[in-house]
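Below is one structure, written out as structure tokens, with a few remarks after it.
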Amino acid sequence: MAARNPGVEYDESWIQNIYINLPAVKRRAETLGTRRTVKKQWQAAWLLRAVTCIDLTTLAGDDTPSNVERLCYKAKHPIRGDLVKALDIKDKDITTGAVCVYPSRVADCVKALKACNGTNIPIASVATGFPTGQTPLKTRLDEIKQAVSSGAREIDIVINRTYALTGDWKGVYNEVRLMREACGEAHLKTILATGELGSMVNVYKASMVCMMAGADFIKTSTGKEGVNAILPVGLVMVRAIREYHHRTAHKVGFKPAGGIRSAKDACTWLSMMKEELGDEWTKPNLFRIGASSLLGDIERQIFHYVTGRYAAAHELPMA
Ligand SMILES: O=C[C@H](O)COP(=O)(O)O
């Protein structure tokens, strides 16, 4: 992870008179989304980079120690052995960015990662009454502390949408500040649940307020809202990150999450990061993709890449 973002004093002027040129944002998002896929010779590199940025997630009511164990093994060995061999990369170099689970499953992750030699992989835990955040503040803070003491190194909190929707941005700031304190050494990711914020201006304000309060990452969604990670919202958030960096020199990471299931989508998000914020923001210390079922498609595409390459190499010339 990048250096911690200490945050700054709350400053209302940073979120006043915000104007978002929605048609322009939508046009830009459309260009990114419909662009031709990555050039053939770079495909494997992009796909592998995307793998290293995945927060491999399971956030289901029926999670058990055994599916968490499989998740951790997959995080440690995200690409099938024969494909790793064909790509001529060292398995140990490629793991997912983190695993992401509910607080009560963190201890299972600790055990499973130890068993598969994956203790270098951070455990991210959602907390604070995920996904709605509708529990008393003390309960939400205690949940963070419990997840950290069980072994989580990253905490994904949800912001208080009631405060955001009623314009109480100082209220959002104060809570996130307390959540950051409760995290101790663990990194803080703040989930905005953008599908419930009502407007792009609110998305921008929520992004800025969370960063002012010390978020190390801002994250689009829980994966449980009606609308989750979409490019126009992502653009507004990364532009807030750019503005915050410009004002404070602190680099805050970005995590789109929810509904990202195809390798092509992952590459589109990566290219958005590269174009909007630069190469530095395309690595796991500043970019993560929260996803439960993306890895399968990436592995499939790597398989096509590898088999295509060999088929081409062995092709007979025309007689
Ligand atoms: O934070 C991660 C999301 O909950 C994952 O959403 P997904 O299951 O749609 O990939």
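Placed from the backbone N, Cα and C atoms, the Cβ positions cover glycine too.
Whatever TrEMBL says is automated annotation, not expert-curated.
Taking Cβ-Cβ distances under 8 Å and a sequence gap of 6 or more within the same chain, the neighbours of K219 (active site, schiff-base intermediate with acetaldehyde) are D156, K189, T190, I191, L192, F254, K255, P256, A257, R288, G290. Residues or ranges marked as active site, schiff-base intermediate with acetaldehyde in TrEMBL: K219.
According to DSSP, K255 (active site, proton donor/acceptor) sits within a strand segment. Taken from TrEMBL, the feature active site, proton donor/acceptor applies to K255.
Other Cβ atoms within 10 Å of the Cβ of K255 (active site, proton donor/acceptor) number 29 in total over all chains.
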